[in-house]
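*Asks:* Got a structure for you, written out below as structure tokens; questions coming shortly.
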Ligand code: GLV
Ligand code: MN
Ligand code: MN
């Protein structure tokens, strides 16, 4: 489908639709790390990058990286401005989360290339292979490799089928075969970077409510994820009196309500239990075990840490009162990531020049930029999310008009970009 009013924006939407055809599920979009659908999406991104005029490589974790080489006048030691986002998805997710931040720069590079315009720096467009943590319950796996922050313990982590990350990487045919040395060697040299900028759908209702297409992100909320296992005792559902039960699921239910209550107690603090299981449960057996995930975030690390301390203590108290045991396993937390004022100001200047407000907002969602912020300055451009701002849901949407405007603003940003200092 073409939309002559917003050709660049429409082409981005069309490509998001084409990419969404690769899915691990029927009737919806799930694209987990290194599944056949994920590998197909990666190959198509590489193809589009090449067609747009980039040199493309794939690294040891599966990131696809296209370079739009600097103008020859910049010389051999030109530095790199990096942009990108992730192409994996949550289960039954939306088609723009992450992918917009790859497809938009590809479209922009294609337009620059067609117009014969080069930039005075290398522009690297990264399709990050994994951000959502769906398969291995990681967080920011692919950007952690690029940022030189890969946790070697993850190689032994298993997916739901018992396949380790090392095995999945070795079977994938990616360079390095899942060897730790190859993953470590895939880190970029921070000294070569001018910064990292990420375009992303807002995934919330703020821009929609304000009637604005675009916003500049001030900071990205830190997050902590946990897996909790509660253990009690299996016994007969018909014969065990209510006062004599050690019901792991009832205990977990009380713990989940504690998460909800404690995370309602401070602005920006949020807590979610998105996975809940009764392993090997039967309708007529009191649950012997119950497992659940916890995701806790806040705009300030101190607020998040205080909530976590209360919740973990509360879980143990609930377990003790009910004759249960609770094991809380913490996945490595990601701290709050501030965006760099000098980069934000350059996005702001471009917006103002177009007569648009340089509206600034924090991000409650996590992004690859958080991990990149550990090694370089970062900024993010948010694009309005339709349908009430819903995301991590197939209803997630953007318009061709907003995608067009975001692409034009990104072109202006790139062409006027001034390295710091
Ligand atoms: C990523 O989408 C996250 O914020 O969990
Ligand atoms: Mn997401
Ligand atoms: Mn995302």
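Positions of Cβ are set from backbone N, Cα and C atoms, glycine also.
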*Asks:* Of the residues 77, 97, 209, only one is listed by TrEMBL in the Zn(2+) 1 site with 86, 200. Which is it?
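*Replies:* Looking through 77, 97, 209, the residue TrEMBL assigns to the Zn(2+) 1 site is 97.
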*Asks:* Given that TrEMBL lists 97, 132 as binding Zn(2+) 2, which residue among 392, 416 does it place in the same site?
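*Replies:* As annotated by TrEMBL, 97, 132 share the Zn(2+) 2 site with 392, chosen from 392, 416.
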*Asks:* Can you tell which of 225, 374, 384, 415 TrEMBL lists as binding allantoate with 284, 297?
*Replies:* 225
*Asks:* List the helix, strand and coil residue totals of the domain 'Peptidase M20 dimerisation' (222-319) as derived from DSSP.
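*Replies:* Computed counts for the domain 'Peptidase M20 dimerisation' (222-319) are 37 helix, 27 strand, 34 coil.
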*Asks:* Report, in whole Å, the straight Cα-to-Cα distance of residue 297 (allantoate binding site) from residue 200 (Zn(2+) 1 binding site).
*Replies:* 19
*Asks:* May I ask which of the binding-site residues 86, 97, 225, 284 is closest to residue 392 (Zn(2+) 2 binding site) if we compare their C-alpha atoms?
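*Replies:* Ranked by Cα distance from residue 392 (Zn(2+) 2 binding site), first place goes to 97.
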*Asks:* 10 Å Cβ neighbour count around residue 132 (Zn(2+) 2 binding site)?
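*Replies:* Within a 10 Å radius of the Cβ of residue 132 (Zn(2+) 2 binding site) lie 23 other Cβ atoms.
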*Asks:* When you put residue 132 (Zn(2+) 2 binding site) at the centre and draw a 10 Å sphere around its Cα, which of the binding-site residues 86, 225, 284, 297 have their Cα inside it?
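*Replies:* Close binding-site residues: 86.
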*Asks:* Which of the listed binding-site residues (200, 297) has the least company, meaning the fewest other Cβ atoms within 10 Å of its Cβ?
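*Replies:* Result for the binding-site residues 200, 297: minimum number of other Cβ atoms within 10 Å at 297.
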